[in-house]
Amino acid sequence: MKVFFILIIFSFTLATCQGECYGSVPLPIDGEDVPLRTCVDTHDGQKHLIVSTWKTANSFSCECTQIGLQCCQKYVAVA
């Protein structure tokens, strides 16, 4: 019975945690891959060089790589 209640509490905790990530990749033009030189931060519009990382004002940690931009929350919020 004790294990049952622990599993219920653990399941509730997992269900209320939220994590958010998003990213973007360069789109091909006329079927040709376009080499990525910079990434544009969607939060403030600033350009960032490839292989750079930065933190946004709204708690996202972003990284620009040759395959695109990826941003994730720096923490997990409880709903």
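Any Cβ shown, glycine's included, is placed from N, Cα and C.
Swiss-Prot annotations:
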type	residues	note
SIGNAL	1-19	signal peptide
DISULFID	C21-C72	disulfide bond
DISULFID	C39-C64	disulfide bond
DISULFID	C62-C71	disulfide bond
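All protein chains shown were included, and the count of other CB atoms within 10 Å of the CB of C62 (disulfide bond) stands at 20. C64 (disulfide bond) falls within a strand when secondary structure is assigned with DSSP. Here the disulfide-bonded residues are C64, C71, C72; the one with the fewest Cβ atoms within 10 Å of its Cβ is C72.
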